[in-house]
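Here TrEMBL flags 21-41 as transmembrane segment. If you look up TrEMBL, you'll see 95-148 marked as domain 'Soluble ligand binding'.
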């Protein structure tokens, strides 16, 4: 009776082979899944590589895991491009003034300066200067020569080219001089060139020096090797070879 009243627990049956295999497979899959998730997380995490500071204007070297293992580090080079230099026009000009002025000579003026500014730089005109023969508002050019005549003095003739001479806008064009009055640039001296052509002593000396160094002139346009275009246009009809 007592044995029938007390029911003892029945011991569980040992797992079968199939159950053991399933448990092992499940455990293995769990381990594989955990490892896979860890690797994916490592790849997704941003790599923070320390930078080695470089001098100003140099390059910076980033230390990667590969460099930590003794491999060649990755070098990032930064090229410095120098700014281009802009070309600018000449800021000043040199002009020669001679004749009836207080201080004749070569003066450096800002580009775009006018004849009246050159007169002021030369100390102003003399009392006998004939300013009517000059265009005081004319723009000056580098290498130009301005001759200020005196009252009663014949203004230097200019070439007949359909337009007024630069710097002497009020002076009218004159006919070409006759061959008997032309100045021979192969025989004329410095004083004759100055008086007949109304040029400076420097210009006259340069004309003479050129023929002494290179031989006689063979054409009038060879004067362009010695004088500026504006002076040449003014005297080319007054000379011969």
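Glycine residues also receive a Cβ, built from the backbone N, Cα and C atoms like all the rest.
All annotation found in TrEMBL is predicted automatically rather than curated by experts.
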Contact set of the transmembrane segment (21-41) with the rest of its chain, CB cutoff 8 A exclusive, min separation 6+ beyond the ends, reads 15
What DSSP reports for the domain 'Soluble ligand binding' (95-148) is 10 helix, 20 strand, 24 coil
